[in-house]
Amino acid sequence: MSKTPRKSAPSPSLQLGQAVEWPDRPEAAKLDRVPNPQKDTNFLARFTAPEFTSLCPVTGQPDFAHLVIDYVPGPWLLESKSLKLYLASFRNHGAFHEDCTVAIGKRIATEIKPKWLRIGGYWYPRGGIPIDVFWQTGKLPKDVWVPDQGVQPYRGRG
């Protein structure tokens, strides 16, 4: 285990432990990162957001997705409260499924500089067609176990 001393209060630059406003758009959201105490070890971290929402850019109707974000950290870890706020900022954002999914993956990769990152966006049907969107930064590092994302293909009543 790392010998990082426990701090009595979070850094004032982090949103963690602070009362913050919900960002009204993705561009206004801040993604926080914290130092990775295991930066010399390849391991997988996973975030799952089963109730992600955004808006259809044409109709303004809500779209829903189950997002799975896997990454092999480099020097930084993604702080989960800031991720929650960032994802919530899409609630009133109009964009197509593909754009939302890829933009989220690229933004996270830019902020934390992982060794590897992938995102799976499993969008619930609108107009009878589910859309699944996948993006990753490149080749997975060796010796990293990556479990299946665990989201079954959409089947409806069939």
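Every residue, even glycine, has its Cβ placed from backbone N, Cα and C.
Feature list (source: Swiss-Prot):
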ACT_SITE  Cys56  active site, thioimide intermediate
ACT_SITE  Asp63  active site, proton donor
BINDING   Leu78, Glu79, Ser80, His97, Glu98  substrate binding site
REGION    1-20  region 'Disordered'
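For the pair Asp63 (active site, proton donor) and His97 (substrate binding site), the Cα-Cα distance reads 8 Å.
For the recorded positions shown (Cys56, Leu78), fewest C-beta neighbours within 10 angstroms: Cys56.
Annotation for Ser80 (substrate binding site): spatial neighbours Phe47, criterion Cβ-Cβ under 8 Å with sequence separation of six or more. His97 (substrate binding site) falls within a helix when secondary structure is assigned with DSSP.
Within its own chain, Glu98 (substrate binding site) has Ile131, Val133 as residues 6 or more apart in sequence whose C-beta sits under 8 angstroms from its own. Cα spacing between Glu79 (substrate binding site) and Cys56 (active site, thioimide intermediate): 28 Å, rounded to the nearest whole number. DSSP gives Leu78 (substrate binding site) a strand state. Across the residues the record lists as binding substrate (Leu78, Glu79, Ser80, His97, Glu98), the two Cα atoms farthest apart are 24 Å from each other.
Counting every protein chain shown, the Cβ of Glu79 (substrate binding site) has 20 other Cβ atoms within 10 Å. The Cβ neighbour count for His97 (substrate binding site), using a 10 Å radius over every protein chain in view, is 20.
In this structure, the CA atom of Leu78 (substrate binding site) is 28 Å away from the CA atom of Cys56 (active site, thioimide intermediate).
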